[in-house]
């Protein structure tokens, strides 16, 4: 495909996205997301920042070894140790990219680096030159580019192109720019940088002013041929450009943009749900493309129009992002075949053991809930699929007693390394009581830093999904649990998190 009529998608969910508070992921979780990104046909996956910690290094190395299809990138400051660590971590990958950066704005050079522009220019050239000794594909980012002097930015870009950079990324590091300014900056650079026609210019935007998507699209309209983004727009502060938004904007408004990505858009909903489940970062209902209300129509006038002709109020079909236009309803009389068929249609590839465990949970839920929808099935299957045969703790049962004039008391029965243990405790509410009982049973007392309970579907018998973030001895993990019983959902989430510590 000609690079000039194709926008590369550079996904940084595993690097920039993970910098969002509370979004830390385990190595296995990162690999799971990387696999989904590969299924979506993402062009480049930024797997992490190898020099920052042994855990980061191992995660990048494993993704490089086990993820087929996309190019795997690793971040490195313009420093020899960073670049060497990135190169080593990327070694198993078939397609490798080192992404090196250094600040270029006056405020960053003066107060963060304590360097003069000439020194920064020299460091950038040396970094790119060193990168090219290890890989053929090198990306360079002048950090805080949108607050940099345009002429210095031009000089810096020319120098790193001459040194061997194949992609130059123009980051709006603090989310300060506007579409007109950002588009104008790309137009200036592509028109004035010697060698610009030989490389790819990339957009990397943050959402501090709510303009990340608009800015990225303005860059594309002015020559950018790569967008750096994350699933659900997660990232530091207000987040990054949301992949689903820029991809669907270019697809839906191809008349305006005249250019496409190669993303398999039918995988967007599954990717969104996966990232939400793993990180515990909920998606707002009115979030474009992947929010629960994105394709909902409550107004009678709108409903009437959609029934008569979908395009009256729908500019894209839910099926294009992997959502079913018709919600399938299952119940207690649904068999394994129907259940498996629905799981597959929701985008999962179940193993025999996962399917059986999920089906047994489905039957339990069906005894309490008359109608089970796609959202319910997705929640319970995701929970079962995340379990491991090596999990130390399994919730066997619990009891709770509470009331307005009684002390909340909970008892739990937990299978620990094959042996059943029971304990009880009191607490400030039923959830606190059951968490304290679990702590007594397991001998672990992590701090609950975050607990979010949200309905999966509507109605009195709706499934609830709980997400709990635990902190223990320097580690932070997220656990998820679902049930029609809120206390059970919270208990399952807590046990799920403990198994990740």
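Glycine residues also receive a Cβ, built from the backbone N, Cα and C atoms like all the rest.
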Further Mn(2+) ligand in Swiss-Prot, beside 204, 206, 240, within candidate set 5, 11, 16, 432: 16
Per-residue pLDDT averaged over the domain 'Pyruvate carboxyltransferase' (7-269), given as an integer: 97
Secondary structure content, the region 'Regulatory domain' (394-501) (per DSSP, counts of residues): 26 helix, 56 strand, 26 coil
Cβ atoms near residue 206 (Mn(2+) binding site) (within 10 Å, other residues, all chains): 25
Cβ-based neighbourhood (8 Å from the centroid) of the Mn(2+) site, residues 16, 204, 206, 240 excluded: 12, 171, 172, 173, 205, 212, 228, 229, 230, 235, 236, 239, 241
